[in-house]
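Accompanying notes for the structure given below.
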Amino acid sequence: MAQLEYKLVIVGGGGVGKSALTIQLIQNHFIDEYDPTIEDSYRKQVVIDEETCLLDILDTAGQEEYSAMRDQYMRTGQGFVMVYSITSRSSFDEINAFREQILRVKDKDTVPMVLAGNKCDLASERQVTTNEGQELARAFGCPFVETSAKARLNVEECFYGLVREIRKEVIGDKKGGGGKKKKLMGIDRCKLL
C-alpha cells in the first residue's frame, strides 16, 4: 500500500513561533533565537491513527514583505496551521486575513485548517484569551489548540489534528461537494453530443 503524503502549510505573522513549532515537531528541540524565515520545507514520517504517512510541512514567512509569495504556497497546500502568539494581539488580529487569502487562492468555501495559539507557556504575558481563540475557531469551523513550542505542549496535536481535517475533506470529496465554490448556479452546462 502506498504511503500517504500530506502537504501542510504553517502561516501566521512574524515572530509567532511558526518555525519553532515546526522544528519542535520535526527535530524534537526548541529554537529560541529569532531568525525570520523566508521559506523552509520539512518532511517527517509519522503514524497518525494507525496510518503511516509523510508530512511535508512548508514553514512560511510571516513578514509582510514576503506576502507576494503566499499565493504560490497556498495553492499547493492541502491544509493550513494558522498560528498566532497569545502574547500578541496584533498577530491574532492578522489571522482572518490569512484565512481569507487561503480561501481566495484555493477558490473554496472551506479548506482544512487548525487555529493555534502559540506561546501558551508565557501566560503572564497573555494578550489573547483562550476563549477568544476558541470563538474564532468556532467562527472558522476549525479545531483550536493552544501550543507551546518551548514546552512541547500540543505540538503533535496541532499538526496531527490538521491531518485529520484533511482526511475528513477527502472523505467529503468522495461523497460529493468538496467545498468548491459554485460558479454556475442555476445554469445548465453545455453537453457535447
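Don't overthink the numbers, they just go from 1 along the chain as shown.
Each Cβ is built from the backbone N, Cα and C atoms, and glycine gets one as well.
What Swiss-Prot records for this protein:
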BINDING   12-19, 59-63, 118-121  GTP binding site
LIPID     Cys190  S-geranylgeranyl cysteine
MOD_RES   Cys190  cysteine methyl ester
MOTIF     34-42  motif 'Effector region'
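Locations of recorded Swiss-Prot features on the structure.
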| residue | record | Cβ neighbours (10 Å) |
| --- | --- | --- |
| Gly12 | GTP binding site | 26 |
| Gly15 | GTP binding site | 17 |
| Lys18 | GTP binding site | 28 |
| Thr60 | GTP binding site | 26 |
| Cys120 | GTP binding site | 22 |
